[in-house]
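Below you'll find the structure, written out as structure tokens, and then a few comments.
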Amino acid sequence: MLEILNFVLEINNIINAIKMKIGYKTLISFMGTILGFVLLVLWLYMAKKPFNATGYLIFGLSFIMILIGVYFKIQTYKNQRLGLTSEDEFSKRIKERASSKAFSISFYIWLGIILFVKDIEPKAKIIMGLGLLVMALVFLLNWLYYSKVGISDENED
């Protein structure tokens with residue numbers, strides 16, 4: 001028991017040292033992507049059978065999502081180091097618009113999944129995982145579109 005407490009205390013000391021260097025918010029934001037990567041590697045390690053095409057698709061999409069998350073976290077970290085705000089008003093509006101559009105599109109995606117997947121009989125976990133990954137990809141595509149094209153102001157006369 002004492003060894004476990006010492007291990008937890010050592011992890012706490014490491015986290016406190018990192019917090020002093022890069023800041024608390026940045027550390028918390030990196031924890032999600034690190035946890036996602038660790039879970040993906042753990043899933044790959046614990047797989048008892050070789051992957052089929054669906055397994056490779058899910059693994060590839062998950063890995064791409066984690067890489068995109070790491071890219072955005074690194075950009076936020078660089079902006080904080082330069083003294084810039086991590087999110088300005090324009091990027092907040094882009095995220096808001098992209099998420100609302102992705103949410104409405106995801107209803108049609110789930111409707112299509114419900115209508116067309118009932119004859120195939122895959123496991124429910126695979127259907128849920130693919131649906132969530134497609135929702136994340138739809139958000140990413142909407143975010144890329146609005147960041148390149150821009151957002152027209154609704155209040156213009």
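Any Cβ shown, glycine's included, is placed from N, Cα and C.
What TrEMBL says about this one:
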TRANSMEM  27-47  transmembrane segment
TRANSMEM  53-72  transmembrane segment
TRANSMEM  102-120  transmembrane segment
TRANSMEM  126-146  transmembrane segment
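By the Cβ criterion (under 8 Å, sequence separation of 6 or more), the transmembrane segment (53-72) is not in contact with the transmembrane segment (102-120), since fewer than 3 such pairs are found. Beyond the transmembrane segment (126-146), the same-chain residues lying 6 or more positions past its ends with a Cβ under 8 Å from any Cβ of the stretch are 54, 57-58, 61-62, 65, 68, 94-95, 97-99, 101-102, 105-106, 109-110, 113, 117.
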